[in-house]
Amino acid sequence: MNDIWWQTYGEGNCHLVLLHGWGLNAEVWHCIREELGSHFTLHLVDLPGYGRSSGFGAMTLEEMTAQVAKNAPDQAIWLGWSLGGLVASQMALTHPERVQALVTVASSPCFSAREGWPGIKPEILGGFQQQLSDDFQRTVERFLALQTLGTETARQDARTLKSVVLAQPMPDVEVLNGGLEILKTVDLREALKNVNMPFLRLYGYLDGLVPRKIAPLLDTLWPHSTSQIMAKAAHAPFISHPAAFCQALMTLKSSL
């Protein structure tokens with residue numbers, strides 16, 4: 001039986017689960033771990049098939065969420081970045097009693113562009129899937145570079161993301177393809193109308209993967225949720241703007 005890698009950090013009286021994005025692992029939170037650890041008990045996890053949670057194949061969103069839920073705290077704020085935002089959202093849908101609040105970071109309920117909905121063109125996601133089998137390492141690096149484009153610290157931020165990937169075992173191509181398939185096909189826009197826990201959505205103004213145009217659309221679709229756009233951030237605001245990012249979480253915590 002394979003186990004998912006978890007680590008608990010910090011001694012705060014509020015539990016916070018942090019879920020990373022596609023191709024990465026829990027080391028991505030290293031730059032904010034100290035700051036958040038004095039206010040929260042952090043639960044860091046490598047998603048199934050990523051980092052130290054090896055031995056898993058490609059999964060659907062539902063399967064991935066079920067695996068993560070097995071060893072998760074009874075109640076916590078669930079924060080998911082990018083692909084991790086879909087896992088956190090699915091957790092809020094399937095186990096609402098365990099989700100004190102939901103936070104999505106540079107994430108979308110529907111990453112793929114649809115009619116009347118801004119997103120990544122499906123053919124671009126399909127292209128990434130094709131390139132993975134051709135040149136695995138280069139495709140992952142290209143995807144990481146896209147995440148920091150436009151920020152004042154873009155090169156440095158991209159190096160940070162690359163070091164996170166290289167710090168742990170690389171996911172299998174099958175797992176990465178499965179993650180891209182989730183990004184290409186999942187649409188939780190309607191389902192998330194029904195969540196009623198506090199729900200904060202954080203975006204980067206310069207994000208090239210999750211367009212800021214979705215923020216007002218979701219403000220209308222999900223009036224119970226709150227959105228915040230970080231002015232000079234791209235797809236990884238916790239790396240480029242750690243202080244503002246942590247402050248947004250402290251504000252949420254104080255409102256619970």
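Every residue, even glycine, has its Cβ placed from backbone N, Cα and C.
Keep in mind that what you see is a predicted model, and the values were worked out from it rather than measured.
If you check Swiss-Prot, you get these features:
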type	residues	note
ACT_SITE	Ser82	active site, nucleophile
ACT_SITE	Asp207	active site
ACT_SITE	His235	active site
BINDING	Trp22, Ser82, Leu83, Phe143, Leu144, Ala145, Leu146, Gln147, His235	substrate binding site
DOMAIN	15-242	domain 'AB hydrolase-1'
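Cα-Cα distance from Trp22 (substrate binding site) to Asp207 (active site): 15 Å (rounded to the nearest whole number). In space, His235 is the closest of the active-site residues Ser82, Asp207, His235 to Leu144 (substrate binding site), judged by Cα positions. Spacing of Ser82 (active site, nucleophile) relative to His235 (active site) is 8 Å (Cα to Cα, whole number). Taking a C-beta cut-off of under 8 angstroms and a sequence separation of 6 or more, His235 (active site) has the following same-chain neighbours: Ser82, Ala106, Leu146, Gln147, Thr148, Gly204, Asp207, Gly208, Leu209, Val210. Fewest Cβ neighbours within 10 Å among the binding-site residues Leu83, Leu144, Leu146: this applies to Leu146. Max Cα-Cα distance over the annotated substrate binders (Trp22, Ser82, Leu83, Phe143, Leu144, Ala145, Leu146, Gln147, His235) is 16 Å. For Ser82 (active site, nucleophile), the Cβ neighbour count at a 10 Å cut-off comes to 27, with all displayed protein chains included.
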